Amino acid sequence: MATRTADKLEKKLVVVVGGTSGLGFAVAQAAVDRKANVVVASSKQASVDDALSRLQAGLASDDDVARVRGLTLDLAAANVEEQIVALYDFASKNGQQKIDHIAVTAGDSLYPKALDQVKAEDFINASQVRVIGALLLAKHAAKYLAKSAASSFTLTSGVRDVRPAANFAPVAPVSAAVKSLAKTLAHDLAPIRVNSISPGAVRTEFFTKIAGEHADAVLQGLAEQTLTKSNGVAEDIAEIYLVVMTSAYIDGADLVADGGSLIA
């Protein structure tokens, strides 16, 4: 008998890189709610500790609490590959258990900048975590992921490469690079499935950090550019990551959740 959709993540090992806040935390929480074994990673120990506290808060038994673990990982560090291997060793308990799904939601803040103010390091910094970090995560994931179409590796992109705007020259190409990377990795990691998810404007701590005191006004303006006249909600976007994890025929795809902004 086929496994029910609601049960497909039960006891599966899910690693969420960037899983301590915003969209990544929502993905981790959704996986925990589906009874998966979840490992979250972030660059700061305090963020990992806080996320673990929140994720474990609603779990009744010690066994359930033990399903949720975390480790630091700085994708911009000089020893990033060493840290990635340490994360995968930690998650898999030194190879005793294969990882079923990896979701990469990590990314440093991306700030729009006028073209005449752009410097080389703006693009380099924007790409460091989202593109280079993702590539290196994939490089080492091959050893730890279960080699099956039931397994997945999911990246996070965006929609600015499709619908660009002024001052996004150092930012928009990063989204395009992530999508291209996902499609290429789908070949390299096959039969493991690789996809990207492209959210539109989502109200998260990350967005508030970028927009600062203008966050509400910016979000309202972006909502007006959608067909739904709304902004995304992290918990709703997180469900798409779970769909990709549990649907064994989605591969090499980019899934857009933008309220219809691309066709508005």
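Including glycine, each Cβ sits where the backbone N, Cα and C put it.
What Swiss-Prot lists as active site, proton donor is Ser157, and the listing cites similarity to another entry. Annotated NADP(+) binding site per Swiss-Prot: Leu23, Ser43, Asp74, Arg130, Lys139, Val202, Thr204, in sequence order, evidence recorded as similarity to another entry. As annotated by Swiss-Prot, N-linked glycosylation site applies to Asn125, with the evidence given as sequence analysis. Feature annotation from Swiss-Prot assigns transmembrane segment to 13-32.
Shown here: features listed in Swiss-Prot, placed on the structure.
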| residue | record | Cβ within 10 Å |
| --- | --- | --- |
| Leu23 | NADP(+) binding site | 28 |
| Ser43 | NADP(+) binding site | 18 |
| Asp74 | NADP(+) binding site | 16 |
| Asn125 | N-linked glycosylation site | 17 |
| Arg130 | NADP(+) binding site | 26 |
| Lys139 | NADP(+) binding site | 15 |
| Ser157 | active site, proton donor | 27 |
| Val202 | NADP(+) binding site | 23 |
| Thr204 | NADP(+) binding site | 22 |
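For the pair Val202 (NADP(+) binding site) and Ser157 (active site, proton donor), the Cα-Cα distance reads 13 Å. Ser157 (active site, proton donor) falls outside any helix or strand according to DSSP and counts as coil.
Put simply, the two farthest-apart Cα atoms among Leu23, Ser43, Asp74, Arg130, Lys139, Val202, Thr204, the recorded binders of NADP(+), are 29 Å from each other.
Reported as a whole number, the C-alpha separation between Asn125 (N-linked glycosylation site) and Asp74 (NADP(+) binding site) equals 13 Å. In space, Leu23 is the closest of the binding-site residues Leu23, Asp74, Lys139, Thr204 to Ser157 (active site, proton donor), judged by Cα positions.
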